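Quick look at what Swiss-Prot lists:
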DOMAIN    3-56  domain 'ClpX-type ZB'
BINDING   Cys15, Cys18, Cys37, Cys40  Zn(2+) binding site
BINDING   Pro119, Thr120, Gly121, Ser122, Gly123, Lys124, Thr125, Leu126  ATP binding site
Amino acid sequence: MSKVGTSDSKNTLYCSFCGKSQHEVRKLIAGPTVFICDECVELCMDIIREENKSSLVKSRDGIPTPKEICKVLDDYVIGQNHAKKVLSVAVHNHYKRLNHQTKHNDVELAKSNILLIGPTGSGKTLLAQTLARILDVPFTMADATTLTEAGYVGEDVENIILKLLQAADYNVERAQRGIVYIDEIDKISRKSDNPSITRDVSGEGVQQALLKIMEGTVASVPPQGGRKHPQQEFLQVDTTNILFICGGAFAGLEKIISARGRSTSIGFAAQVLAPEDRRTGEIFRHVEPEDLLKYGLIPEFVGRLPVVATLEDLDEASLKKILTDPKNALVKQYQRLFEMENIELTFADEALGAVARKAIERKTGARGLRSILESILLETMFDLPGLEGVEEVVISREVVDGTARPLYIYADRSDRAAESSASA
C-alpha cells in the first residue's frame with residue numbers, strides 16, 4: 001500500500017516497495033497508484049548495473065569489445081579518455097590472445113604489459129581496479145617501494161604472485177589469467193647512470209627481479225608467504241598470461257621530455273614541447289622510451305612494457321564531477337553522514353568549484369579532495385550532534401575560501417543566517 005488511512009497519518013505517503021514513509025526518505029516518486037522512494041530507485045539501478053556487467057563479461061566468449069570496456073570505465077572514472085582507449089584496446093587484445101592461443105600455432109602473440117604514467121591523483125589505480133572488476137579476474141596490487149631483491153630485507157617479488165593466488169582463492173588456473181598492478185614503479189628507477197657503483201637492491205635490482213615474472217616464468221610460490229624454506233611445498237604458477245600494469249607519477253619526467261623536445265626540434269617542430277606553462281599530463285603524451293631510460297628504468301624493463309598510457313592533470317570541471325557524479329562520490333558520502341543526524345547537506349556549485357581549485361593548487365588531484373572537504377566540514381561535524389532544530393547546512397564558496405562559516409537553516413525557518421557571519 002502507498003497510503004495509510006489512520007486518523008493521524010491519513011495523508012502520509014509510503015513507498016510501495018520498501019514501505020518507508022515520505023518522512024523517512026529524501027524523495028518519493030509518484031506513479032499510477034504506486035510510489036517509489038529514491039533508495040529503492042538506487043537499489044534497482046545497482047541491480048541493473050550488476051546484470052549488465054555480468055552479461056558484458058559473458059559476451060563474445062568472455063571478451064568484451066574495447067568500446068564496451070571503455071563504456072564501463074566511463075561509469076567509474078571521470079575524464080582520461082585517451083588512457084581509457086589505450087587500456088581498453090590493450091586489455092581486449094590480451095584476453096583475446098589467451099582465448100585463441102591454442103587454436104592457431106602459426107603465429108605466437110606476445111604479451112603486452114601496460115605502463116600508466118600520470119600525475120598524483122589522476123586515476124591510475126582506479127583504472128586498474130575497474131578493469132579487473134569488469135573482466136571478473138583475480139586482481140592484486142603491489143607497492144614497488146616495498147620490494148627488494150631476493151635475499152635482502154623487504155618483500156620478495158614472488159610475493160606479488162602469492163597475493164594474486166590468494167585473490168584467486170588459491171585457484172592456480174584463475175590466478176594465471178589475473179591482473180597485477182604495481183604502483184609507484186617510478187620509485188625503483190636506477191639511482192645512478194653507472195650501474196656498477198653500488199648494489200642497488202631496491203632500484204635496479206628490483207627491476208631485474210621483475211623482468212622474469214613480467215615476461216613469463218614458472219614461479220615457485222610458498223603458500224604461507226614470506227621467505228622460502230627447503231621443507232616447504234611450493235605452488236607452481238606460470239606468469240606468462242598474467243597481465244602486468246605498472247603505474248607511477250614519474251615526477252621530473254616532464255623536464256626530460258621537454259629538454260629532448262628543445263634539443264631536437266627546429267623550425268616548425270620546435271613548438272611541440274617548448275612552452276614551459278604546459279600541464280604535466282600534456283607533456284607526458286610525448287614520452288618516448290629514451291626518456292624512461294634517462295629517468296632510470298633499465299632498457300630490458302622498458303621493453304617489457306610496450307603499451308604506454310598517459311594520464312592528464314584533472315581540470316576543475318573533472319574534479320567537480322568526481323565530487324558529485326560517481327556512485328560513491330565524496331559529496332554523497334558526507335551527505336549520508338549528515339542524514340544520520342537528520343540534516344541535509346547542500347553544496348553550492350561555486351563551492352564545488354572552489355574545492356576543485358584548491359586541489360589543483362595543492363597538486364594532489366582527486367586524492368586530495370577528501371582532506372579538503374574534511375577540513376571544511378570539521379567544525380560543523382563537531383558542533384552539529386549537540387545542536388537542536390538544524391534542518392539543513394549550506395556550504396558556499398566563501399566557506400571553502402575560509403571567509404565565512406557554514407549556513408545553518410533551522411526547522412522553523414526563522415533564523416536562516418544564524419551561522420553565516422564572517423569568521424575572524
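Keep in mind that glycine also has a Cβ here, set from the backbone N, Cα and C atoms.
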Mind checking which of Ser122, Thr125 has the fewest other CB atoms within 10 A of its CB? They're the binding-site residues.
Thr125
Students should find that the Cα atoms of Pro119 (ATP binding site) and Cys40 (Zn(2+) binding site) sit apart, in Å rounded to an integer, by 38
Quick note, Leu126 (ATP binding site) and Cys40 (Zn(2+) binding site): C-alpha atoms separated, nearest Å, by 27
When the Cα of Cys15 (Zn(2+) binding site) is compared with the Cα of each of the binding-site residues Thr120, Gly121, Ser122, Gly123, Lys124, which one is closest?
Gly123
Taking all protein chains shown into account, the Cβ-based neighbour count within 10 Å for Cys37 (Zn(2+) binding site) is 24
CA pair Cys18 (Zn(2+) binding site) / Gly121 (ATP binding site), Å rounded to integer, equals 39
Tell me the Cα distance separating Cys37 (Zn(2+) binding site) from Thr125 (ATP binding site), rounded to the nearest angstrom.
34
Cβ neighbours within 10 Å, counted over all protein chains: which one of the binding-site residues Pro119, Gly121, Gly123 has the most?
Gly123
Let's check the environment of Thr120 (ATP binding site): how many other CB atoms sit within 10 Å of its CB?
17
